[in-house]
Amino acid sequence: MSAAEAGGVFHRARGRTLDAFPAEKESEWKGPFYFILGADPQFGLMKAWSTGDCDNGGDEWEQEIRLTEQAVQAINKLNPKPKFFVLCGDLIHAMPGKPWRTEQTEDLKRVLRTVDRAIPLVLVSGNHDIGNAPTAETVDEFCRTWGDDYFSFWVGGVLFLVLNSQFYENPSKCPSLKQAQDQWLDEQLSIARQRHCQHAIIFQHIPLFLESIDEDDDYYFNLSKSTRKKLADKFIHAGVKVVFSGHYHRNAGGTYQNLDMVVSSAIGCQLGRDPHGLRVVVVTAEKIVHRYYSLDELSEKGIEDDLMDLIKKK
């Protein structure tokens, strides 16, 4: 079954937008809401990491299935329901053309089909989803499987932009696709400026930076200095408040001028000391408040009262 046939939860992005949120109904502020952010379920990485062969390993992913099922069950129990559930890339571990890619994809679809149908999915492309050096073919495969690789949508007067960050990391095999996203992004940021939206929020897989705009190039976990600065300045000029990313498999982040960079750890394999988890993000008229929960915490206790008070505030 393809994502399109799965229906319900798979409101796949098409035409650079998400039909789960019609713009004409969602362009005005209606009051506080929240969403759930996850990153890097990356079916197969835990086995590959444990064997020390991240390039060719990953022939088992039962642990990731259980963790993602736990994440979905925790989300489904939440009341009130989140506006959406966003996955910030690296949905699976097997790169394009590698063994087990089809099987990992089908298993993830099966788990995601159990998300409450009232909670749309927002899917972000990661480097493992489209390759470290994406091509027109790998991007097309992602789009056919999961929906557009970049798009925008409105929720209650807030503009959300989903970006394909691999175009900023290595566009050498698809320069025209990168150019198209650049042009589209400029148009979207112009809309954000002109419309004076309540907030503008960006989702992308690779962080601009892990702690500081001036940190050294990591050559893997952050974008290059010149790229990150150019993007961050663009975002700030348009009034973007926060960029959410995954990729690092640890919690991290920092602030540049008035732009927050939030790096959220993984549902799947942890590369640091954080627990497997999800981030609760509350959007109020004045601010964006977020907190990382372990899957166990969210499953057993739900969202804490101080955040619930913000969500219910009129």
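Backbone N, Cα and C define each Cβ position, glycine as well.
According to Swiss-Prot, the feature divalent metal cation 1 binding site maps to ASP53, ASP90. The Cβ of ASP90 (divalent metal cation 1 binding site) lies under 8 Å from the Cβ of ALA39, ASP40, PRO41, GLN42, LEU45, GLY126, ASN127, HIS128, ASP129, HIS205, GLY246, HIS247, each on the same chain and at least six residues away in sequence.
For ASP90, ASN127, HIS247, the entry in Swiss-Prot reads divalent metal cation 2 binding site. DSSP assigns HIS247 (divalent metal cation 2 binding site) to coil, not to a helix or a strand.
Per Swiss-Prot, the feature phosphoserine maps to SER2 (among others); the stated evidence is similarity to another entry.
Taken from Swiss-Prot, the feature phosphoserine applies to SER294 (among others), supported by similarity to another entry. Less than 8 angstroms from the CB of SER294 (phosphoserine) sit PRO275, HIS276, GLY277, each of them six or more residues away in the same chain.
Sequence annotations record features per position, and here Swiss-Prot assigns region 'Catalytic' to 47-250 based on similarity to another entry.
One way to see the shell of the divalent metal cation 2 site is to take the Cβ centroid of ASP90, ASN127, HIS247; the remaining same-chain residues with a Cβ within 8 Å of it are ASP40, GLN42, GLY89, GLY126, HIS128, ASP129, HIS205, ILE206, GLY246.
Its Cβ taken as reference, HIS247 (divalent metal cation 2 binding site) is surrounded by 26 other Cβ atoms within 10 Å in the chains shown. Classification of ASP90 (divalent metal cation 1 binding site) by DSSP places it in coil, neither helical nor stranded. A sphere of 10 angstroms centred on the C-beta of ASN127 (divalent metal cation 2 binding site) encloses 20 other C-beta atoms.
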